[in-house]
Each structure stands twice: as structure tokens, then as C-alpha cells.
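*Asks:* Below you'll find the structure I mean.
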Ligand SMILES: Nc1ncnc2c1ncn2[C@@H]1O[C@H](COP(=O)(O)OP(=O)(O)O)[C@@H](O)[C@H]1O
Ligand SMILES: N[C@@H](CCC(=O)OP(=O)(O)O)C(=O)O
């Protein structure tokens, strides 16, 4: 379950302790009924503004980090105090993208979350904003929440926000199955002035959850009994079902944890080899490389204008430009790198985007 900054701050720019308490009570109720809940909470920056005398969300990184540092403590304190009143413990878990992208760190983070849940505690998750930089941050917590849901094999991702759901044509869409086209239509809409993701990042999060086999609900944080109603599967907000065609879940982190830094356009033969045979992408099938990516960066693999998948590049862009279209034997003779442009273990193919 995730709640956004826009919901958690009051009109005066402080943390809305009433809503925080109300949501924690709902989490505690679920926990008492045996439902395991991870609580991803935004609002560190928002909660840190007033105590630091800042009128609005700063745009410079040092002050954002400072606000998050002050606000995160307040947030967790508020949650832990209420959980304690209900006889429960809350454990703070602050994540960075590397905790999801790097396999060893991913397993480590997953272990921590599973242990907390196993001990009956409520993990209180946020991005580690105090040390996050522009280049290395999730930015919005929707994606972070979806990745955590994927990591834990959750059944349901609840995204609580300040609107009743995903709107189109002036009405809330009750059930959304065509996530990709909705994302394409809404990718440029900004969010509220304090939230950072907007609706597009919620739809992206729903897509990640769908690929992981989880349902998602986008609903208003202040709707009556919203948490219980979503868990009971009642009609509320916008419901996104899981995808029927899922890539291997262990590869989801490759596809979604990092923002792609470039695109690699491949020919028809390579596209077929990737989709049908699960092959690595070799230089010979590459037609073009776009963007300033380096070794280990996420890149989209494109054929015929369609994104086929995403992978971690084994070569930097300049090298891909040099080796593209050339068979491995030629490269060996010329003393060029012969390794795959993207190794199959670092490549996730998304043939059926919902
Ligand atoms: N089609 C849409 N449906 C719903 N909300 C939308 C839509 N387009 C833009 N929005 C905006 O997205 C905002 C929610 O995103 P955001 O501010 O990032 O929330 P949060 O802080 O909860 O993550 C809404 O307040 C709304 O203004
Ligand atoms: N990690 C940040 C949240 C970033 C953010 O604004 O997220 P969201 O409101 O979910 O779009 C914070 O705690 O302030």
C-alpha cells in the first residue's frame, strides 16, 4: 500500500497526522486479520518543509534532501507511535534504485522486508531521499511501491492519492486493462504541486504490478474505509488486473527499476531471436543506437517503432555504434569486443504489453 505526498500534507504544508493515524489504523486492522502489509509512504519532503520554514517544495537538491531528512523522522515517528498504540512495531526501510537493480542488494532488501513481515512488523518504506541524487532516484514512490510489491510477490498494490482514481473523459475509469495505451496518452500530465509522479507514474506502477501478477487499485486516500474496501475487492477507484502474459519475475527489476538511458534499434532477425528463442542480442542484429548510455545502463530494445523489451547494455553507445551490423567473427578479427550487446540474462522481453 502506498500513500502520496499530495494526500499527506495539510493546506498549511504540514504532515496530516489525522490521515496518517487513520491509515495506520487500517493497516493495523488488516495485520490483526493476518494480512501482510507493507506501507510505502511519501511525504518526507512535504513534512519537512514547515519545520524548516520553507513555504514551498524547493527545487534545489540540497534543500530537498534537508527537508526529507527532517520530514522522514517526523513521518516514521508518527507511524510508529500509532502502531505501538495498536501493539505493533513499524520498521523503517529506506531504499535507493540500486537496492532494486543490483541483484545482491535486491536480495538483501527483500530479506529485510520479509524478515520484518515474518516478525509481525509493518515495513515503513520510502526512498532514501536524504542521499538520493537527481541521477539516482526513483523520484516518485509509485514505482518504488510497485517494485516492492513485485519483490515480495504481493497480491495487491493499493495506490492512495488525492483523486478518486484514473480519470478519462471526466469520469473515473473503474477498470483499466489497456495500461500501455493509457500511459502513452497521459505520460506528459504533471502531478499535483507536491507530488512528483502524477497519474502516469501510477499507471506505470500498475503495469509493473500487473507483470508481477498483482492487482492494483488507484483510489482516494480519504475515501471512506478505502483500505478495507480495496482489500475486499469492492468497486472503488480504478482497478487494474494482473497481466496474463508475464515475463520472468526475476527479470522485472531489469525492466522497471531504472530509467532507460537509450534505445537500441534491432533488425527483424534479431527481434525474432529475442522473442522466440530468448537469445542474447548480438551486434550483427543492431541497426542503430540512440542516447548517451554506458555499460550497465538500461536501454530499450526497439524494432519497427515498438519497444520489444529492456535490458542492461553490455557495451557503451560508442562501441555499439562501431560494432553494429557486424558478425561476431569479423569483430574478433578486428580486435573489437565480441560479447553480446545485451546478454540474455540481463534482457527482459515484453512481447505482450497489456
Ligand atoms: N487522468 C488523470 N486522472 C487522475 N489524476 C490525474 C490525471 N491526470 C493528471 N492527474 C493528476 O495526478 C495527481 C496525482 O498524482 P500525484 O500528485 O503525483 O499524487 P501522489 O502525491 O498521491 O503520488 C492528481 O492530483 C491529478 O491532479
Ligand atoms: N520520497 C519522497 C516522495 C516523492 C513523491 O513526491 O512521491 P509521490 O507523492 O508519491 O508522487 C518524499 O517522501 O517526499
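Placed from the backbone N, Cα and C atoms, the Cβ positions cover glycine too.
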*Asks:* Given that TrEMBL annotates 129, 141 as substrate-binding, name the residue from 41, 42, 216 that shares the site.
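*Replies:* Among 41, 42, 216, only 42 appears alongside 129, 141 as substrate-binding in TrEMBL.
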*Asks:* Of the binding-site residues 2, 162, 199, 201, which sits closest to residue 42 (substrate binding site) by Cα distance?
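*Replies:* Comparing Cα positions, the candidate nearest residue 42 (substrate binding site) turns out to be 2.
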*Asks:* Taking only the binding-site residues 42, 129, 141, 162, which have a CB closer than 6 angstroms to any atom that belongs to ligand 2?
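*Replies:* The qualifying binding-site residues are 42, 129, 141.
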*Asks:* Suppose you look only at the domain 'PUA' (262-343); what would the mean pLDDT be?
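*Replies:* Across the domain 'PUA' (262-343), the average pLDDT comes out at 94.
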*Asks:* Within the domain 'PUA' (262-343), count helix residues (DSSP H, G, I), strand residues (E, B) and coil residues, in that order.
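*Replies:* Counting residues by DSSP class gives 27 helix, 25 strand, 30 coil.
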*Asks:* Write down the Cα-Cα distance for residue 141 (substrate binding site) and residue 162 (ATP binding site), rounded and given in Å.
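*Replies:* Counting only the Cα atoms, the answer is 14 Å.
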*Asks:* Do you know offhand how many angstrom separate residue 129 (substrate binding site) and residue 199 (ATP binding site) by C-alpha?
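*Replies:* Checking the Cα atoms of residue 129 (substrate binding site) and residue 199 (ATP binding site) gives a distance of 21 Å.
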*Asks:* For residue 162 (ATP binding site), just count the other CB atoms lying within 10 A of its CB, please.
*Replies:* 18
